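Asks: The following feature annotations were taken from Swiss-Prot:
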- Gly35, Leu36, Ser37, Gly38, Ser39, Gly40, Lys41, Ser42: ATP binding site (BINDING)
- Ser109: active site, phosphoserine intermediate (ACT_SITE)
Amino acid sequence: MAQHDENVVWHAHPVTQQQREQHHGHRGVVLWFTGLSGSGKSTVAGALEEALHERGVSTYLLDGDNVRHGLCSDLGFSDEDRKENIRRVGEVARLMVDAGLVVLTAFISPHRAERQMVRERLGEGRFIEVFVDTPLAICEARDPKGLYKKARAGELRNFTGIDSVYEAPEKAEIHLDGEQLVTNLVHQLLDLLQQSDIIRS
C-alpha cells in the first residue's frame, strides 16, 4: 500500500460532523452486517433502511456485490483482496458517518481482524457490529445466487463457509437469529438504535 506523501495534509471542513448530525436529527453511525452468504444480511439491512427512511432518518446502504461493480471492481477473493475490499468500504463508510448518515453495510467480511480494523477506524460509538447468525445448512439451502452449489462442485474457490473460513463475531453489539422473520429482526435493530440514542423514539 502506498505511503502518504509528506505534502498531503488533512483539511478540516468548515461544517462539523456535529452540525451535520444536528441537521439530520440523528447521529452518524455504521451498522456493519456480517454473516455467511445467504444468511440474510442484505435482506435485513434493506428492510431496516426502509424502516429508517420512513422515520426520516438519512441512510445509505453499501452492499457487498454492488461495490464490486465499481469501487472494488479490480479486486478478487484472495485474503489480501478481501482485506482491501473491507478497507475501502470502511473508508467510504467513515466519510458517510462524518456526513451524519446512518450507514448500513452488508458484507460477509469473514475475518475478525478486518472488522476490528474498521471499528478502530470509525472510533468509539460509531461502529455497530450486527451478526446475522444463520446456520450453514440453512444458508446453503437458500443459496439465492447458486454459489454454494458451484462451490460444492469445485467451480468456485475460496468460498466462505465451504473452503474458506468464517470467523464469527465474539462480541457483536447485536446477535440476530437469521432464521427469524425479517420484521422481528428489524424491530430488534430499531430498539437498539433508539436505546443507544442514535435515532429518536
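Any Cβ shown, glycine's included, is placed from N, Cα and C.
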Asks: To the nearest whole angstrom, what is the C-alpha distance linking Ser109 (active site, phosphoserine intermediate) and Ser42 (ATP binding site)?
Replies: 13
Asks: Compile a sequence-ordered list of residues in the same chain as Gly35 (ATP binding site), six or more apart from it, whose Cβ lies below 8 A from its Cβ; state 'none' when nothing qualifies.
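Replies: Residues satisfying the criterion: Lys41, Ile108, Phe131, Val132, Asp133, Thr134, Gly178.
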Asks: With an 8 Å cut-off on Cβ distance to the Gly35, Leu36, Ser37, Gly38, Ser39, Gly40, Lys41, Ser42 Cβ center, who else from the chain surrounds the ATP site?
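Replies: Going along the sequence, the neighbours come out as Ala106, Ile108, Val132, Thr134, Cys139, Gly178.
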Asks: Provide the number of Cβ atoms within 10 Å of the Cβ of Lys41 (ATP binding site), excluding the reference atom itself.
Replies: 28
Asks: CB neighbours of Ser42 (ATP binding site) within 10 A?
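Replies: Excluding its own Cβ, Ser42 (ATP binding site) sees 22 Cβ atoms within 10 Å.
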Asks: List the residues of the same chain that sit at least 6 positions away from Leu36 (ATP binding site) in sequence and have their Cβ under 8 Å from its Cβ, in sequence order, or write 'none'.
Replies: Ile108, Thr134, Leu136, Cys139, Thr160, Gly161, Tyr166
Asks: Please classify the secondary structure at Lys41 (ATP binding site) using three-state DSSP.
Replies: helix
